[in-house]
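Colleague: So that we are looking at the same thing, I have put the structure below in structure tokens.
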Amino acid sequence: MIEMKTIENVLGNTTFYALILATLTSWLNLFFLKSKIWSNLARSSTFLSSLFVVNLLLSRWTNGKYFPISNLYESILFLCAILLIGQQLAELKLSTRLIRCLNLPLVLCLYWFGNSGLPPEMRIITGLAPSLQSNWLMMHVSVMMLSYGTLILGSLLCLLFLLLKTYATKKADLTTTTNSAITITNNEAKQTIVETKSLSKSLLEIIDIWSYRLIGLGFPFLTLGIISGAVWANEAWGAYWSWDPKESWALITWLTFAIYLHARLIKGWTGQKTATIGSIGFVIIWVCYLGVNFLGKGLHSYGWIG
């Protein structure tokens, strides 16, 4: 037991330092050190971070003899793993370092909170509480965490879309103003402006498409997670729905992304309008996942007090 605890502590500390390295190298590579060496270092440290988190979960699974999603600390580890793996898969399709620079600080803060902001007792493996000794635990919680992970990444891309859109607009306005001031009329300058706008538009379209795909993937997971939770609640507490704070915010999250998908599929909205809805969803997910836990109230309060 002492040896397993030591291994877990070493893995935990190594993961934290790997995340710091991945975050720093990603930002340095984006703004200052643009060589391929730094890009590979950022990519490698991200991969190692995800590997360490997965091994940390496996060690808790082996030691505790249950799937490690029984409290807030374990669910944070699970969410970190999903976000890191999802980010690396998204990078293969998006071919941009920007998603890495946004996601890694988020994962680092989340991991730090799980290890430093939660009660130390929550990190101790004590076995499952009686209310969690059900076959529905793995089904409900794992599906909900998968939905959170994919929806967070999708809505993060929505935020990235808005940031790039704002930046591209300001840059285009500045270029136009500068050109007007110095009366540049040569074809080379005009061609540069056209190429910049075309590149920005192409990247924005790719980000918009993949934010839609990720949210479209996460929404069925969220729906299945809510339904499985309702069935489990009926078995455990005798009611499918109790308007518990966690249940209420899960419903608000579901409605927000339902509006997003409705706007895209039925109204035909794309770009800035849907990205704004997705960005609102980003905030709501975090309120649902972490915010209501600070209340320490409701049927899901064991997720906070362990």
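Think of each number as a place in line: the chain as shown, counted from 1.
Cβ coordinates come from backbone N, Cα and C, glycine included.
The following feature annotations were taken from TrEMBL:
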{"type": "TRANSMEM", "residues": "15-33", "note": "transmembrane segment"}
{"type": "TRANSMEM", "residues": "45-61", "note": "transmembrane segment"}
{"type": "TRANSMEM", "residues": "67-86", "note": "transmembrane segment"}
{"type": "DOMAIN", "residues": "70-300", "note": "domain 'Cytochrome c assembly protein'"}
{"type": "TRANSMEM", "residues": "137-164", "note": "transmembrane segment"}
{"type": "TRANSMEM", "residues": "210-233", "note": "transmembrane segment"}
{"type": "TRANSMEM", "residues": "248-265", "note": "transmembrane segment"}
{"type": "TRANSMEM", "residues": "277-296", "note": "transmembrane segment"}
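Context for these features, please: burial, neighbours, distances.
Modeller: Counting same-chain residues at least six beyond the ends of the transmembrane segment (45-61), those with a Cβ under 8 angstroms from any Cβ of the stretch are 4, 7-8, 11-12, 14-15, 18-19, 21-22, 25-26, 67-68, 74, 77-78, 80-81, 84-85, 87-88, 100, 104, 107, 111, 125.
Under 8 Å from some Cβ of the transmembrane segment (248-265) lie the Cβ atoms of residues 144, 151, 212, 215-216, 218-219, 222-223, 225-226, 229, 273-274, 277-278, 280-281, 284-285, 287-288, 291-292, all in the same chain and six or more residues away from its ends.
For the transmembrane segment (277-296), the residues of the chain that approach it from at least six positions outside its boundaries are 72, 79, 148, 151-152, 154-159, 162, 211, 215, 245-246, 249-250, 252-253, 256-257, 259-260, 263, 303-305, judged by C-beta separation under 8 angstroms.
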Colleague: State the residues, same chain only, that lie 6 or more residues beyond the ends of the transmembrane segment (210-233) and have a CB under 8 A from a CB inside it; answer 'none' if no residue qualifies.
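Modeller: Distant Cβ neighbours of the transmembrane segment (210-233) are 86, 90, 93-94, 134, 136, 139-140, 143-144, 146-151, 153-155, 157-158, 161, 239-242, 247, 250-251, 253-254, 257-258, 260-261, 264, 274-275, 278, 281, 299.
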